[in-house]
Amino acid sequence: MKLAIVLLLLGLAVLCLGGKDSQHSASAGDSRSSEAFISRQDSANFARRHKRSYRYNVARGAAVTSPLESQREVCELNPDCDELADHIGFQEAYRRFYGPV
């Protein structure tokens, strides 16, 4: 009984989907499906990667974003400065260990 219902539903699906194909013409000019695609030039412009893409920065090395970032890295490499920075802040810890910022 279940097999008959499944076959009936599959047959109806084939009739519904098959009937739509016969209503449309086969020529490309009359087909509305060509509207779903864009030209190769437009797709190339759309898919073009930015010059500052992630892989480019990884291969080249990312630029330092903050002027204090290099000093922060120096302080992090010194365990005493790093510990003091956790308590009183990076700038004050760097000033105490290495002089004025």
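Placement of Cβ uses the backbone N, Cα and C atoms for every residue, glycine included.
Since this is a predicted model, take the numbers as computed values, not measurements.
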Looking at the disulfide bonds in Swiss-Prot, identify which of Cys16, Cys75 pairs up with Cys81.
Cys75
Check the binding-site residues Glu69, Glu73, Glu76, Asp82 for other C-beta atoms within 10 angstroms of each C-beta and report the one with the most.
Asp82
Whole-number Å value for how far Asp82 (Ca(2+) 3 binding site) lies from Cys75 (disulfide bond) (Cα to Cα):
6
C-alpha of Glu76 (Ca(2+) 2 binding site) to C-alpha of Asp82 (Ca(2+) 3 binding site): distance in Å?
5
Summarise the model confidence on the domain 'Gla' (53-99) as a single mean pLDDT, whole number.
81
Rounding to whole Å, the Cα atoms of Cys81 (disulfide bond) and Glu73 (Ca(2+) 2 binding site) are apart by 11
